[in-house]
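Beneath this line is the structure, given in structure tokens, with notes to follow.
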Amino acid sequence: MFSLIRLPRIFTVHQVPKAFQEDSIISGYRHPRSSATDCILSLFQLTNETLNIWTHFLPTWYFLWKLLTVVLTHNVRHDAFIWPLLVFLASCCVYPFTSSCAHTFSTMSARARHVCFFFDYAALSFYSLASAITYSAYVVPDVWVGSAFHQYYVAVAVLNTAICTGLACYSRLGLPFLQYNHGFVKRFSECQSPKLGKILRVAAFAYPYLFDNIPLFYRIFVCAGEGCTDNETNSLHYCHTALAFLTVVLFITHLPERLAPGCFDYFGHSHQLFHICGIIGTHFQMEAVQLDMNVRRQWLLAHAPPITFSNTFGAALLSVALSLIIISVFSKTFKHVIVLYLYF
């Protein structure tokens with residue numbers, strides 16, 4: 001049966017438009033006007049995107065299993081203390097799945113490529129907010145519990161998701177209605193200013209990451225003495241923090257492929273390593289959050305502000321709504337977005 005399926009043709013870097021080219025990747029490109037069927041078939045052939053897709057698609061099911069385990073083993077309807085963990089685990093399912101979809105369908109057209117990665121950026125913003133929600137509930141050091149920073153921390157994190165998604169989308173195309181037209185002909189873009197686009201995108205995610213981790217960084221790197229929450233969870237926090245730093249290095253440097261262009265087109269290029277390190281880091285982060293939740297539960301229930309719908313699910317839903325509005329503005333209409341994602 002599989003012998004009857006004709007797999008799509010693979011191209012070199014000189015055979016695809018500049019918008020589809022990747023730094024120091026020479027071969028393994030898919031057709032820039034692939035059909036949705038071709039995109040799905042490409043999952044089962046070796047391209048420079050194949051491992052990018054699978055390194056996020058497979059972990060999605062692991063995180064979904066973890067989410068379902070929590071739902072089935074806790075009274076989630078009445079135990080509000082578990083709600084931040086549910087938001088976090090949901091984001092751990094959403095961001096790798098959205099990323100795998102973005103990498104799968106990004107070669108349908110230039111417009112599809114931009115819109116796919118708009119959703120990818122929004123999913124990362126949601127994950128960033130979910131991290132802040134869990135940090136506010138379980139990770140914030142004892143000495144900061146109930147402080148002014150703690151009270152406004154999640155609200156600022158929601159605002160940061162809109163800034164993050166908007167700036168990341170801007171890094172690809174510029175301002176909608178002002179810097180590009182309906183056909184994406186006249187625009188600020190990665191093609192015209194790739195370094196600026198890269199800087200803006202790094203800034204778009206570095207800023208919310210640094211803000212979200214203020215309570216964690218203070219707890220494990222700065223605080224000393226009473227009220228610093230120095231427990232067995234800190235070693236896990238060190239692990240996922242180190243992996244987060246490594247993902248940034250990989251994303252910025254394009255190593256190792258920059259040292260040997262063409263040698264890492266299919267296996268071992270920086271974006272694949274970026275995905276792998278990110279997923280492993282998310283695993284350690286999840287383990288740390290759950291351990292903090294269990295170890296500190298009684299103390300936090302007695303001393304921390306109450307966990308409510310508004311500072312968990314409400315904040316998450318508002319973040320998603322803001323990101324969808326931003327995507328619709330940059331994509332012009334939801335009609336085009338829906339067609340690109342649902343057409344098969």
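We number each residue from 1, going along the chain as drawn.
For all residues, glycine too, the Cβ spot is worked out from N, Cα and C.
Unlike curated records, TrEMBL annotations are generated automatically.
Pulled from TrEMBL:
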type	residues	note
BINDING	HIS103, HIS271, HIS275	Zn(2+) binding site
TRANSMEM	51-68	transmembrane segment
TRANSMEM	80-97	transmembrane segment
TRANSMEM	118-140	transmembrane segment
TRANSMEM	152-170	transmembrane segment
TRANSMEM	307-330	transmembrane segment
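Non-local neighbourhood of HIS275 (Zn(2+) binding site): LEU51, ASN52, THR55, HIS56, SER99, each in the same chain, at least six residues away, with C-beta under 8 Å from its C-beta. Considering other CB atoms within 10 Å as the measure, the emptiest surroundings among the binding-site residues HIS103, HIS271 are those of HIS271. Taking the mean position of the Cβ atoms of HIS103, HIS271, HIS275 as the Zn(2+) site, the remaining residues of that chain whose Cβ falls within 8 Å of it are GLU49, LEU51, ASN52, ILE53, THR55, HIS56, SER99, GLN272, PHE274.
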